[in-house]
Amino acid sequence: GNHTLLTEFVLSGLSNHPELQHLLFFTFCFIYTITVTGNLLIFMVTVHPTVHSPMYFFLRVLSFLDISTASIVVPKMLVNFLSEDRSISYMGCAAQLYCVIFLGATECYILAAMAYDRYVAICNPLRYAIIMNSRVCLSLVLLSCCSGNVVSVVQTAWVFTLPFCGPRKINYFFCDIPPLIMLSCTDTSLYEKQIITATVLVIFTPFCLILVSYACIISSILKISSAEGRYKTFSTCSSHLTVVTLYYASGTLIYLRPKSSNSQDTKKVLALVYTTIIPTLNPLIYSLRNKEVKGVL
């Protein structure tokens, strides 16, 4: 019955060394500024009349998700760098967990939709505008959001039905599934199986769709006679492949084995990749390798 009295958790943060707190604060404050500024620029660029293809619609959604993910995690982390009180309320922790899972799962599905968009553009260029019309694009985004919401509601509800009767200190810089279930004083083996199932649905299923899309894309590219044409066609996909590799790899290593023997420090680094680093890199990856985006900028 101790978990009924629990009203807050304490986030340990990235480091317990006092001498590093100010350095970490300025570092991640700078990263967060770059994240918001870069993604806002991408968002504004993709509404320009000269860039109106479905690819830029998905890129706009991706920028919104990246800003939201960073804003859910980083500001609280920045406060904790300079504050002795690193507590987060029970409901605040639940809300943060829901938002992180919702945004993360939605982005996984959006990346799969972007791969399908590239497949249609390269393999069916003459029918691209018909297949990827505005209704289809909007439907793919809404389906991604609904799927992310279902996954997030189920995961959050399940985590917060666990009895937390041990220490209230979360060895993490935000509320996430692996550190929370380690605080539970009950057997979580059934829940761990459920997390693996969710990981398959959220990460491996869209990743398999991405692999199928790129297998068809590569097959089409190999049929192009000129080397320059093959390079130009594949270069439109390289940015997306870079993001997919970073995002899916970090998520898989964290959630496939939530209570593995891997150190929490390793999981903190992996969590930093998809909550902080990737949202910062996305604008750079998509703008530096895209002539239309650079032209509008």
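Every residue, even glycine, has its Cβ placed from backbone N, Cα and C.
Keep in mind that what you see is a predicted model, and the values were worked out from it rather than measured.
Residues or ranges marked as domain 'G-protein coupled receptors family 1 profile' by TrEMBL: 38-286. Positions annotated as transmembrane segment by TrEMBL: 20-45, 57-75, 95-116, 136-160, 195-222, 234-257, 269-288.
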Which range out of 20-45, 57-75, 95-116, 136-160, 269-288 gives the transmembrane segment (195-222) the most CB pairs under 8 Å?
95-116
Could you give the residue numbers and ranges of same-chain residues that sit at least 6 residues beyond the transmembrane segment (57-75) on either side and whose C-beta is under 8 angstroms from one of its C-beta atoms?
28, 31-32, 35-36, 39-40, 42-43, 46-47, 96, 99-100, 103-104, 106-107, 110-111, 113-114, 117, 134, 137, 141, 173-174, 274-276, 278-280, 282-283, 286
What residues elsewhere in the chain lie close to the transmembrane segment (269-288), defined as a C-beta under 8 angstroms and at least 6 residues from its ends?
14, 28, 31-32, 34-35, 38-39, 41-42, 45, 59, 62-63, 66-67, 69-70, 73-74, 100, 104, 172-174, 176, 239, 242-243, 246-247, 250-251, 253-254, 294, 297
Across the domain 'G-protein coupled receptors family 1 profile' (38-286), what does the pLDDT come to on average, as a whole number?
86
